[in-house]
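The structure appears right after this line, and notes come after that.
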Amino acid sequence: MANYFNTLNLRQQLAQLGKCRFMGRDEFADGASYLQGKKVVIVGCGAQGLNQGLNMRDSGLDISYALRKEAIAEKRASWRKATENGFKVGTYEELIPQADLVINLTPDKQHSDVVRTVQPLMKDGAALGYSHGFNIVEVGEQIRKDITVVMVAPKCPGTEVREEYKRGFGVPTLIAVHPENDPKGEGMAIAKAWAAATGGHRAGVLESSFVAEVKSDLMGEQTILCGMLQAGSLLCFDKLVEEGTDPAYAEKLIQFGWETITEALKQGGITLMMDRLSNPAKLRAYALSEQLKEIMAPLFQKHMDDIISGEFSSGMMADWANDDKKLLTWREETGKTAFETAPQYEGKIGEQEYFDKGVLMIAMVKAGVELAFETMVDSGIIEESAYYESLHELPLIANTIARKRLYEMNVVISDTAEYGNYLFSYACVPLLKPFMAELQPGDLGKAIPEGAVDNGQLRDVNEAIRSHAIEQVGKKLRGYMTDMKRIAVAG
C-alpha cells in the first residue's frame, strides 16, 4: 500500500492540509438522531473506546463492543471494562455483520490487522469510523468502495472526554469524511451525529480532513506536546542539580512546574502565562524564548518535513515490524535518567514559586508552542487546527507528568506519539546543551530580583506577545469554549 497523502497531487495535498472550518452550533440541532436506531459496534475498549462508548450510550445510541476471541475467552482488561459497564460484548463474527457503524478505536499499530479482519464481515453500505487517521493517510489502507469512512477525533484523552460529558459539556473535536469513501453522501451526517453523541458539539467542532488531522496531530505530539516537555525536563533537572540544587526539590519543581505553568496557558494563553511573571522576569523569559526559537527552528522544520513526506511514518512502521526495538530501547533509557530516578521532595512549593523559579521553563513553553504553531501554519495547516494541536493539548500532557513523571506521559500517550517524542527529545537535548551552559542566575531555580525596567522595552514585548497569531486565534477559540460551557451548564 502507498502512503495516501503521497498519491495526491500538490493542489490536492494543499486543499486537504488546509481544510478547517469552525462549525456553528445550529449545525448540530439534530444531535445524535442520525445514528439512533442503528447498531454501533466499537472495536477496542481502551481509554477512548470505553469513554466514547459510555457517552454515546448515554446519548441514546445502541453501543456494543467487538473483541478478539482470545480477549473474551481470557477475560482480558478490555472484556472486563466493557462487561463491568454493562455493554454487550461479542466476537467480530458475532457483531460486525449487523453493524451500521463500526468504530475502530484500537492502537495505531493494530489498525491494519483490525480493518482487514472486519472489512469482509461488514455489510454492504456500512460505515467505518476512526478517531485518528493514521491508518488511512500514512498506511494508505484501502477501504471497500461501498463503505463510508469518517473520523471523529476528540482533542483530549478519553478520560476527559467522559468527565466533560458528565458535567454537561464536551471537548473540542475534529470531524472529517474520507473523500475516497463517501458513496452515499452521508459521511458528514454520520460524523456530526457521532460527535454530538460524545458531547463534542458543546465545546466546538472543526470540520477538517483526514490529512490535516494526521499531519497536525503528529507534529504537535512530537514537538511541543511531548518531545519538548521530555527534553525540557531532562535538561532543566540536570542544570539545577549541576548548580547545587537538592535533586528532590529540582525534580518536584519540574514535575509539577509544567502543569502549574500550563494551567495559566489554558486559561489565558501565552499572554496570561507571561503575565504571571514580574516585569524583569517577563523580559528575560521573552529573550530566552527568542533564543530558543532561533536554535530549535530547524529541528521543528525537520520534523514537519518528515511528517509531510511520510519519512517519519515509514521509519516508525519499520520499527513496528522489528518488534518495537527502538521504541522499547528509548523507553528503557528514559526510565533510567536522573530525573526519573530522583527522590521525592516532601516539602511544599507554592504556586507562584513555580513561575518565579521557572523562567526558563516558561520560555521553553512559549518557544515550543509558537514554533509548533508557526511551522504547521507555514506548511499549509489552518491556524485553528494548529492551535488545537499545540497550545490546547499542552496542559493535558503536562498533567500526566505531574502524576508519575515522564513514565506516566509515555504510558498515557499513543505508541505513535511516544516514538515521535523520543525522536525529537534525543535530538533536542544535545542541541540545547550549549544554550543551557550560558544561562544566567535567575533563569532557573532562583527568582529574578525585582527592579526597574525600560517602559518602551516592556511595551514592545507585551505587544509582541499579544499580537502573535496563536494568541489571536486562541482568544477566539477559548472564548467560544467558555460561551459553549455556559450554555451547556445553563441548559
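Placed from the backbone N, Cα and C atoms, the Cβ positions cover glycine too.
Per Swiss-Prot, the Mg(2+) 2 site holds Glu389, Glu393; the candidate it also names there, chosen from Asp182, Asp217, Asp238, is Asp217. The separation of His132 (active site) from Ser414 (substrate binding site), Cα to Cα, is 11 Å. Reduced to three states, the DSSP call for His132 (active site) is coil. Shown in sequence order, Pro157, Gly158, Thr159 are the residues of the chain, 6+ apart in sequence, with a C-beta less than 8 angstroms from the C-beta of Ala47 (NADP(+) binding site). Taking the Cβ of Asp217 (Mg(2+) 1 binding site) as reference, residues of its chain lying under 8 Å away and at least six apart in sequence are, in sequence order, His132, Ala153, Glu389. Per-residue confidence over the domain 'KARI C-terminal knotted 2' (345-484) averages 95 (mean pLDDT, predicted model). When Cα-Cα distances from Glu393 (Mg(2+) 2 binding site) are compared across the binding-site residues Cys45, Arg68, Ser78, Lys109, Glu221, the shortest belongs to Glu221. Within the set Cys45, Gly46, Ala47, Gln48, Arg68, Arg76, Ser78, Asp108, Lys109, Gln110, Gly158 that the record links to NADP(+), no two Cα atoms are more than 21 Å apart, and one pair reaches that distance.
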